[in-house]
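Structure first, then comments.
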Amino acid sequence: MTAAAYPALLWLTVTAALLGALQFGWHLGLLNTPLPFVGDDLGFDATSGAAAVVVSSLLIGASIGSLTAGQLADVLGPGQALLLNNISLILGALLSLSTPGGFWGMLAGRFFSGIGAGAASLYVPRFIAETSPKLIRGQLCTLNQVFVTIGILLAYAAGWPYAQGTAKHVQVLGHAVAWWRIMCAMGLIPAAVQMLGMSLVPESPVWLQWKGHTDKAVTAEKQLLGDRWHQEGDLVRGSDADGATEQLLADAERQGGGDSDRKAGWGALLEKRYRRIMVLAACLPLLQQGSGINTVILYSSQVFAMAGLSSPVIGSIIVGLIQVVATLAAAALMDRAGRRLLLLISHLGMGACLFILAAAFLLPGLRGAAGNIAFGAVLGFVVFYSLGSAFVWSCVVETKQQSLSEITKLLQGEN
């Protein structure tokens, strides 16, 4: 199926939504390269507890944002929620770059940016899944992780002036402005563009139908799918003009209980036959977050500096570039190799790379080459992470409107 088979509005919808994933990655990687210079200007050491608080405030905000995002999306609609989510991201950027706020302004800015980034991590895959044609929905959903890595790479690349440690300030209207403040201001651009883009696209047809607006849901689906709306088999909802409404209602019924294990509801999760898969479903995200990926994304420049790499900033930029390439490759491999195999390779590889990284710092005989070893270990780590663990959340999207038995097959790697 070619892109030309679908109307431009579909691609505008997907692109506008993916700007949320890009912003998530941008804010994750934003302070990686300029952190020592931010500390110099705001009065804290880059290796101090104050620096850790500033960096981790983003993750605290992201936790709150992700926990509340589902309810807001149900009330407002995922599209409208994604549009309004930019208010938090814009506020975070403004607070981070403000001079009067100092340390506390940066702390508050990172917190609000985290709320927006965390919420976007749920809004984006949900909105894409609920507006995409069935035949390409899987590919479009994997773009969420791709755009997260692109955002991280852009944040690293924005720190290029710090590569030699000389360009601390630039002249703006006759005033010397710290480059890291310019980097914070750059975050306003994708937020403004996404607000404009999301105001031009339809709301999720699935959400509209769930709220009882069936006519609006069918209209939105027609706008998104164009001529393909009449053809059976490649639509998210509906197969033809006469049967679209009926199919929409049938899909809603499937969510509510179309077969035996759907009717069982939450009680089915306690059944012995599903216990193993529910443990897997709960543990995979925990393993992903516990793997150390956030340490790499947030602190790779500091890790490289401690290991003695000659140019930590350039090292981080290379890591970001490799992560984008590896994520694109993994997205192409996912359906062919199966999720279970890729997840096993991913976690085993990450563990091996972390072992090598630790050895570079701890073994006296390796200290002379610690910088190069650490660089290679981090590169390997992000490649293995991108291969499988990075796509854990896409499995959540793919379970939409499936029974527990179908979810079991998906997570066990039965393609």
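Backbone N, Cα and C atoms are what each Cβ position is placed from, and that goes for glycine too.
Remember, TrEMBL labels are computer predictions, not curated facts.
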Stretch carrying transmembrane segment according to TrEMBL (options 202-226, 277-301): 277-301
The transmembrane segment (103-124) touching the transmembrane segment (47-69) per 3+ Cβ pairs under 8 Å rule: yes
Leading stretch by Cβ pairs under 8 Å, where the reference is the transmembrane segment (277-301) and the options are 81-97, 136-158, 313-334, 341-363, 369-393: 369-393
Cβ contacts under 8 Å made by the transmembrane segment (136-158) with residues that lie 6+ beyond its boundaries: 1, 14, 18-19, 21-30, 32-33, 124-125, 128-129, 183, 186, 236, 297, 313, 316-317, 319-321, 323-324, 327-328, 331, 334-335, 386, 390-391, 393-394, 397-398
Whether the transmembrane segment (313-334) meets the transmembrane segment (369-393): three or more C-beta pairs under 8 angstroms: yes
Averaged pLDDT, computed only over the residues in the domain 'Major facilitator superfamily (MFS) profile' (13-415): 81
Recorded stretches the transmembrane segment (103-124) and the transmembrane segment (81-97) touching, at least 3 CB pairs under 8 Å: yes
